[in-house]
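Residues or ranges marked as domain 'U-box' in TrEMBL: 292-366. The region 'Disordered' annotation in TrEMBL covers 263-289, 365-385, 672-696. If you look up TrEMBL, you'll see 431-473, 472-514, 554-596 marked as repeat 'ARM'.
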């Protein structure tokens with residue numbers, strides 16, 4: 001019994017200690033949270049003296065302590081939500097917490113467009129259960145007061161000072177029951193106007209007042225708020241997607257305002273010396289505004305322009321540092337879709353990183369530099385001695401000269417390199433890369449496939465990219481790309497793509513003769529092979545010197561065929577590559593000769609937003625100084641779709657559509673002027689002839 005008493009009281013001390021460790025309560029209900037936490041911490045001396053006392057506790061006191069333990073758990077959950085929860089959600093909660101139930105329902109319905117059946121965002125921590133949302137503070141306070149009243153502390157072996165302190169806390173709990181503060185109606189009205197985007201929302205004073213009340217003045221607070229909203233979705237037992245999306249929209253508006261008001265505001269992970277424009281902030285030149293960052297280029301968590309985008313197992317892309325924090329917090333779901341993650345592996349999204357770099361370049365913004373990762377790229381391995389011994393044995397097999405041993409060893413290294421970063425570093429440290437490069441030319445197709453795939457997996461580690469290139473791997477990879485099995489060719493293309501992320505490698509790979517076999521794979525490969533070839537070609541053609549090589553390898557006819565083939569599974573990739581090639585003189589000529597205008601006009605009329613954007617970009621280049629394509633596009637009815645794109649497209653799509661419309665209008669005006677001049681000249685030439693006829 002004595003042991004049970006000690007464990008019970010120690011658990012109470014630990015619970016209060018946890019509450020004391022919760023820091024920085026959020027938003028304007030901070031007062032209630034701080035008062036509750038302070039009162040609970042005042043009870044620690046009583047629990048400590050009970051723990052140290054030799055007297056046996058009365059049974060009713062033990063029961064009361066158990067009840068108080070349960071009440072502490074509820075209080076801890078409430079306080080934790082007050083520390084980590086979304087300020088925007090808490091703002092809505094605070095405004096409505098003290099209102100009548102029907103009014104609360106109707107106002108939330110107005111604010112979030114949410115039907116009553118899905119009104120309550122149920123939090124797994126039971127902070128905001130359906131019928132308790134309006135009085136959770138009162139409920140927790142009552143629970144604590146009742147449990148504390150059941151402890152006959154006046155009969156316990158504790159000091160008089162502690163008894164007086166407990167009496168004080170109990171009196172404060174009793175006074176706090178049923179007492180509420182007035183709701184901030186002005187805050188609610190500001191939230192509502194900002195959400196509905198009415199005239200009041202355009203008043204900077206309204207947004208500034210809202211930002212100041214919710215203490216969302218800096219990038220740290222805004223990023224924390226974004227993470228908090230995603231946390232709400234992650235722990236929800238219901239379906240809060242729509243309401244969270246509405247709140248994310250509010251957060252985006254607030255963030256845009258804060259960044260506009262404070263263009264020098266720095267993100268926590270931003271490198272020193274990096275310009276504000278790297279995150280799409282307003283330029284320090286007050287006369288120049290940086291274009292709004294496309295949503296596809298923003299991290300769904302931080303809403304910042306991504307510097308190091310990575311893909312999770314659900315296919316969604318996030319900024320590496322943000323998703324790492326999410327995973328380190330113990331979440332096992334995708335923040336955006338809430339699907340369970342089949343693995344925590346993060347795959348660099350090199351295509352998106354290249355697109356972001358292109359967008360920055362097109363808009364006169366310095367491309368964002370990859371930050372020093374919160375989880376730095378490993379340069380030394382944490383593999384155990386046993387694992388290192390296993391790797392060394394595999395390397396001996398690679399050099400054994402026995403084809404079967406080489407095949408099995410290459411296959412095992414392939415799997416080990418796929419498994420984790422430590423293995424990738426350890427395998428490279430052991431000297432495997434030159435041995436794998438040698439196997440690229442082996443006549444055994446299976447060994448060749450294992451070797452190139454192992455190099456692909458090793459190249460995920462950025463430090464290994466340089467080692468692979470310096471080991472002379474590119475010619476061997478190109479050989480596999482030309483002669484290997486289909487799976488080996490696919491993985492060879494993927495390896496070239498991974499290596500080409502480093503800019504200087506684009507030159508090396510382009511000069512190695514890799515582009516023609518990539519075009520061949522793009523033409524005749526499996527769907528996966530075409531995708532791998534397309535991503536590699538896209539990345540390589542970012543370097544101007546490789547564009548002509550791709551055109552001369554016949555990539556344009558292949559891309560045009562992919563644009564029109566049944567199923568349309570490669571339309572996105574084909575248009576993205578064409579948009580790059582169109583800026584090159586040879587590419588422009590080849591696209592023009594391929595009768596691309598009808599296909600481009602069709603995409604502008606009925607394609608996806610991104611494809612409309614790329615199709616318009618290609619057409620802009622084709623029509624530059626070439627009236628033939630301009631006339632053809634007009635005759636095919638491009639004007640209507642262009643006007644729609646200029647009004648409703650992506651930011652880049654709007655710019656490209658506007659450029660085309662301006663050129664077409666200018667061309668029409670030039671035609672009218674030419675016709676007027678021709679008519680005037682005709683009339684002038686006819687006037688002397690008539691006069692001569694009269695004289696005769």
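Keep in mind that glycine also has a Cβ here, set from the backbone N, Cα and C atoms.
With DSSP states grouped into helix (H, G, I), strand (E, B) and coil, the repeat 'ARM' (431-473) comes out at 34 helix, 0 strand, 9 coil.
Long-range neighbours of the repeat 'ARM' (431-473) within the same chain, counting only residues 6 or more positions beyond its ends whose Cβ lies under 8 Å from a Cβ of the stretch, are 347-348, 377-379, 391, 394-395, 398-399, 403, 406-407, 410-411, 413-414, 417-418, 421, 424-425, 479-480, 484-485, 487-488, 491-492, 494-495, 498-499, 501-502, 505, 508. In terms of DSSP helix, strand and coil, the domain 'U-box' (292-366) has 25 helix, 12 strand, 38 coil.
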